[in-house]
């Protein structure tokens, strides 16, 4: 019996599309990988420390720009689907430097970097095509491939080399991949995910992919969510680097046409974006990344005490640290990264993300933007947890580190 008193007719068969079902499968797998019991039930004496997501405030200048934009009479109507002119011009100037120049005609505004990625997938790949994707990767890629019947061809990275590309593996995958070609068979198009552009630690230089290409077209997907700490504002873009105009006749106009599917970022963020990009002082970014680097170094130092059960990988930028889980060094309780994350949350009230969601096994991801003392406390809990379940020999834990 339904809530309104009517009876359900079992002859009705209302099903979701195959694209929706494929996307749902990926989303549900991610959700199940992150589930755990309530910490109030399991560890009432410990406050929860979240190392799965970061929540820093955007710069003062960015928040002020949003407040002022709301008062503008022209900032509340429909915007052009690919972005207002003043907004696109501001992005073009923000991305340009002495080695790379963008114009207003190279910029398409999107609702976050996710829409930028989806637009590039839709524009470049037909059902049955395949695409080269690094492992680990953003989980959205899996959903888009499944929904669009695109075959992902994953190539490996080298964690022992600072996550550089494993070029031997890439060569093998490239030989089997159907890469989109333009007028000349030797020219391949590519898109690049640069939401963390410029977010490197002291002594590490960032190079935009487009600066490395004099002929190959590059579609760069970016946005303000990470650098300006505002993922909820949903503001991203596609920047088209096409020095030989290989994309001019087909791909470029199709990218602009596809923008009508979601109509880009909202009108308020578009009105505020020029000020956000132009008025946020450089010292903000310097202090921001210094704060993240300090946290990352602290995490690496403390978590190194838990070896060999886990192995932290030293970060060079962005907002995360990866730790390798070594199941063979545990006592049998921890069989994989999901066991590790669930049990850590249940017993120590510390949340992290199993990297199963990103295509690699036996790794977990920790954010490096939590308050400094929370980072210290969380890492000490992780070390305590690892020592508790570390494989023992002759009644003693294998531990060569001083944890006092």
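In case you wondered, yes, glycine gets a Cβ from its N, Cα and C as well.
Each residue in the domain 'Aminotransferase class I/classII large' (49-177) gets a DSSP state, and the totals come to 61 helix, 24 strand, 44 coil. Summarising the annotation, TrEMBL assigns domain 'Aminotransferase class I/classII large' to 49-177 (among others).
In the predicted model, the domain 'Aminotransferase class I/classII large' (194-382) shows an average pLDDT of 94. Marked as domain 'Aminotransferase class I/classII large' by TrEMBL: 194-382 (among others).
When secondary structure is read from DSSP and collapsed to three states, residue 226 (N6-(pyridoxal phosphate)lysine) falls in the coil class. The N6-(pyridoxal phosphate)lysine annotation in TrEMBL covers 226.
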* **Intrachain C-beta neighbours of residue 226 (N6-(pyridoxal phosphate)lysine), sequence separation six or more, cut-off 8 angstroms** => 195, 196, 199, 318, 319
